[in-house]
Amino acid sequence: MLLKTLSEAFGPTGFEDDVRNVIRGELDGRVDEMNTDVLGNLIAVKGAKKPGPKVMLDAHMDEVGLMIVQICDGGAESGLLKFRALGGIDPRVLVSKPVLIGPDRIPGVIGAKPVHLQAPEERQKPIPMDKLYIDIGAKDAADAKAVVKPGDAAVFATRYAEFGDRAAKGKSFDDRVGCALLVEAMQTEVPYPLYGAFTVQEEIGLRGARAAAYQIQPDIAIALEGTVCFDVVGAPSHGQSTVFGKGPALTVQDAQTIADRRFAEFMWETAKRHGIPVQWRRVKGGSNDFGAIHRVGKGIVGGSISVPVRYIHAPTQVVSLDDVENAGRLLRAVLQEIAEGSFTL
Amino acid sequence: MKEWIVRLAAEIAPSGSEGRITSVLLDAVQDIADETHMDALGNAIATKRGEGPHVMIAAHMDEPGVMVIDIDDDGFLRVIPTGGLTASEAAFRQVAFTNGTVGLVCLEDGEKRPEQFEQLFVDIGAKHRQEAESRAFIGLGGVLGTGVADIGNGRLLGRALDNRVGCAIALHAFRELAQLGRYVSVVFTAQNAPGARAAQAAAFALEPDLAIVVDGVPASDVPGGKRTALKLGAGPAFKVMDAGTVAPLSVKQLIEDAADALGLTLQYEVWPGGRSDTGAIQLTREGILAAGISYPVHTAGAAEALVDLADVEATLRLLVAAVQTFGQ
């Protein structure tokens with residue numbers, strides 16, 4: 001299953017090769033061409049010479065992760081790894097999590113002082129990132145340095161699994177769920193030029209998408225994202241952002257974009273016409289690649305379609321497979337309506 | 001000029017919902033422009049071809065505001081800011097939405113003082129969700145503050161004067177320069193308040209030889225004023241630097257020469273905290289020559305501002321003279 005393969009692929013920000021290879025393999029022979037640009041964005045193209053609006057679909061390949069910055073040498077710490085975050089990670093979610101490090105996927109565990117040894121005041125507050133370390137079971141620094149180097153990146157070692165009522169858990173659904181939707185969308189037939197941009201370095205500031213949009217110069221762009229969902233205990237309506245299982249979410253405003261109202265309404269009406277559940281994303285915080293894309297060149301019309309992801313940016317994220325499926329249906333419907341001229345530029 | 005300022009300030013145009021004022025502004029230049037259009041980000045653009053280098057005049061037309069982000073079962077709305085409005089500025093004030101709906105921004109019971117928008121809700125008098133949804137929708141934009149008042153001494157006070165004053169100046173300058181046969185474009189920019197998001201797209205499309213941006217700058221002749229030496233009523237200011245730009249010396253010379261020729265006293269703006277369209281335009285393409293000319297205001301970037309009409313007139317004269325001098 002593609003979402004499982006993509007979710008388990010190794011792709012912390014700046015190290016997207018593994019994800020890119022999975023996508024290249026999936027799209028090989030199914031698109032006209034694929035190019036990797038200097039930043040590492042993979043751009044798949046279909047029907048470049050066709051008439052009509054040039055449409056760019058975007059999904060970022062990278063996931064939040066960790067970067068090894070130091071291999072401790074000497075003393076009791078010898079062989080333990082210090083790290084920093086790649087992207088927005090809450091240090092409270094890190095303790096005791098298994099990780100995989102570097103190109104050889106060296107397994108490690110994020111360690112911290114056990115509860116027995118903590119002073120009462122230590123138990124009251126979260127452990128900051130600079131007090132955490134990764135233990136790879138090395139007997140000393142030399143042992144560790146033989147398999148890990150500073151600059152190596154790490155991801156959570158979470159396996160994909162389906163559970164409950166049409167739910168799936170795994171790491172990196174933000175934004176492998178978008179990658180899966182984009183791989184699928186690139187195999188649909190449309191009468192206009194279709195560009196699929198699988199971008200890099202979204203999690204540290206939408207860095208890859210800008211270059212992708214600059215080289216594509218689309219008339220319309222749509223970012224496919226995993227987004228914040230907090231429809232859980234104690235969250236009032238305005239604190240949820242999105243509701244799990246209620247369909248893909250459309251944005252009116254986030255931290256980087258005030259949505260093009262006409263395009264947002266076009267997507268909303270398309271969902272209604274096609275009987276696809278849809279909801280508004282009801283929070284300002286957070287952003288996606290469209291925040292960078294819409295400001296490129298003369299300005300680009302478009303928006304984003306987001307899948308609600310519970311526990312986003314955490315080691316185990318949860319999506320509704322119905323939401324994923326409905327996001328795919330909405331995307332196909334939007335592409336079809338663009339073909340039929342329902343949205344005028 | 002004053003009539004135009006009052007008329008433009010009456011339009012509700014929170015960032016990203018500039019639709020109506022766009023039509024008003026483009027209608028006001030339609031007769032003299034060769035072409036007008038609205039771009040993908042909401043900028044309103046008009047061009048008149050003519051003699052000399054191509055000069056782009058820009059003024060942002062948006063204002064800080066709020067946007068509806070949630071509607072609850074009891075018919076109350078939740079809002080998020082668009083632009084730099086804080087929860088304390090928004091609380092306990094009327095909000096006027098672009099669709100005519102009016103509401104009161106309230107603080108949740110039990111909260112001491114408004115610090116975050118999450119503590120606020122908007123009461124539009126709806127009895128339940130269904131009624132609220134007939135008068136408001138998620139994504140609906142609104143603004144705070146009241147209409148323009150003439151408070152004497154040639155001074156005006158009211159909502160959105162920063163930067164409808166700039167729009168009125170840009171509008172008049174464009175008409176005057178077009179009549180003089182100059183090659184000039186005017187851009188009424190969108191989405192300035194959330195961080196100068198749209199101006200560079202217009203500059204990218206127009207590729208002007210020079211861009212001059214008109215905007216308000218906070219005057220410091222107030223209690224607790226920062227040491228910027230900017231006074232209300234003391235004339236236009238040249239933007240030497242802000243958070244997004246440092247002016248090239250050639251541009252500074254151009255504005256100083258134009259001021260000298262008019263016998264105008266020029267003030268100098270150094271505003272390390274300000275983020276303007278000038279910086280966004282300057283860094284477009286391979287770099288664009290960009291100047292900022294500012295009129296002093298009391299409380300820039302807030303819902304309401306206070307301006308001096310003599311500054312406004314002088315800013316217009318300086319702008320027109322600078323464009324005429326450029327390239328000669």
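Each Cβ is built from the backbone N, Cα and C atoms, and glycine gets one as well.
Sequence annotations record features per position, and here TrEMBL assigns Zn(2+) 1 binding site to A:His60, A:Asp174, A:Glu225. Cβ neighbours of A:His60 (Zn(2+) 1 binding site) (same chain, under 8 Å, six or more residues apart in sequence): A:Asp175, A:Gly178, A:Cys179, A:Phe198, A:Thr199, A:Val200, A:Gln201, A:Glu202, A:Glu203, A:Gly208, A:Ala209, A:Glu225, A:Asn288, A:Asp289.
Marked as Zn(2+) 2 binding site by TrEMBL: A:Asp174, A:Glu203, A:His313.
The active site, proton acceptor annotation in TrEMBL covers A:Glu202. DSSP gives A:Glu202 (active site, proton acceptor) a coil state; it is part of no helix or strand.
Within the set of recorded positions (A:Asp174, A:Glu202, A:Glu203, A:Glu225), the lowest number of other Cβ atoms found within 10 Å of a Cβ is recorded at A:Glu203. Within its own chain, A:His313 (Zn(2+) 2 binding site) has A:Val64, A:Gly87, A:Gly88, A:Ile89, A:Asp90, A:Val93, A:Asp174 as residues 6 or more apart in sequence whose C-beta sits under 8 angstroms from its own. Sitting within 8 Å of the Cβ centre of A:Asp174, A:Glu203, A:His313, and not among those site residues for Zn(2+) 2, are the Cβ atoms of A:Glu63, A:Val64, A:Gly87, A:Gly88, A:Ser172, A:Asp175, A:Gly226, A:Ile312. In the three-state DSSP scheme, A:Asp174 (Zn(2+) 1 binding site) falls into the helix class.
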